[in-house]
Amino acid sequence: MEGIDVVSEALADLHRRLLALDGGAVADYIPQLALADPDCFGLALVSLDGHRYRAGRCDEAFTLQSVTKPFVLALALAELGAEEVGRTVGAEPSGEAFNAISLDPVTGRPANPMINAGAIAVTALVPGGDPAERFARILDCLGRFAGRPLDVDEEVYRSEAETGDRNRALAHLMRGTGALRGDPAEAVETYFRQCAVRATVADLAVMAATLANGGVNPVTGEAVVPEPVAVAVLAVMATCGMYDAAGEWMLRVGLPAKSGVSGGLVAVSPARFGVAVHSPPLDSFGNPVRGVAALRELSERFGLHLMRNPAPGAPTVTRADTAEDGGTALVAAQGALDFTAAERVLFALGQQAPGPGGRVLLDLERVTAIDAAARAMLDRALTLLAERGHRVTVTGDALLRADAPGPLGRAGSRAGTRR
Ligand SMILES: NC(=O)CC[C@H](N)C(=O)O
């Protein structure tokens, strides 16, 4: 049925109105970027089901620049772990511009991986026998986030390589403080190539959606990075992604995001979708004017701020009672169990009063998913009940059994009884 796509309609409306927005300036410190069309403007959104929505110019490739930073951070975290990466770069908003010399006076580490200094250090961490191999890894990883192979805009790369003295200086400084491994010149060349990787707004929305989806690309189904890595990257984006405008951004938009000097912007609504905008004119912080305006409106219109309460789901506990003779307590639950839902189930169980040695029936037939926290909580409660002499029966725990070591995870009949 056509004509009911209100998401695309909202994007089209934003596109139409914000195209008229002037202000900002196209970056020209990398000469090749100055050639960008200031009126090029596209918006795309990809849901965790892989549904795609778009408005404006979404198929024109542009160089991702700093928008690559969170994705290369993800690669480094996946390859080396948080501790190793944390020895090289901090996770504090610098409150300074993207190209600032933000090195900790004591440790010599750059403030965070979203500013140039931190990103150069992270790029240098990516394993590889030589620069070509290291870059091939980066390009491959960016392509897996996008769901298709990406390439490099050689002209933009050369243009930055010819003029990138400030970044070279940063790399040498970091070599001096010990934050940068290996050859500074090589680190910066790899970083310039990374910045010159090109993709479309449509690609970028898939990349953002992959972070929203715990590291699994919702279009290709590939697990690009482990879930804890995606969570860590989003946390760094939330605090540092918009440079010295990060606080205002969190206040007004409330989503993890990353901008770049070519006018790209990604924002992530965790567990919901990824969104990308491209529009070259930048504000004084180096963030794209139309992209910032679009995300402010989208966040407000669709209620996306991270700090908002989520919409209440269906009730978790569908039945809770104790038989009249006091012999058996029954609690039935439904839906996906996380901490909140498990707390409801356990609270309901706690309200029941089966006599000493009485039976406890926990009906999970209609539970659709359970996360590690909820599983551990239920396991612990069931162990305590068994220790107190109750006969506990869990039904519908097949889903829970898969990889769970505790009582809920015990192999056996579908209804496991324990005393
Ligand atoms: N903010 C950015 O996008 C900066 C990236 C750019 N390649 C630079 O290092 O200057």
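Note: Cβ is positioned from N, Cα and C throughout, glycine not excepted.
TrEMBL lists SER66, GLU160, ASN167, TYR191, TYR243, VAL261 as binding substrate, and of ASN116, ASN213, ASN217 the one it places in that same site is ASN116. For ligand 1, the neighbouring binding-site residues among SER66, ASN116, ASN167, TYR191, TYR243, VAL261 are SER66, ASN116, ASN167, VAL261, by Cβ distance under 6 Å.
Comparing the binding-site residues TYR191, TYR243 on other C-beta atoms within 10 angstroms of each C-beta gives the minimum for TYR243. Across the domain 'STAS' (318-396), DSSP assigns 29 helix, 32 strand, 18 coil. Long-range Cβ neighbours of VAL261 (substrate binding site) (same chain, at least 6 residues apart, Cβ-Cβ under 8 Å): ALA27, TYR29, ILE30, LEU33, GLN65, SER66, PHE98, LEU282, GLY286.
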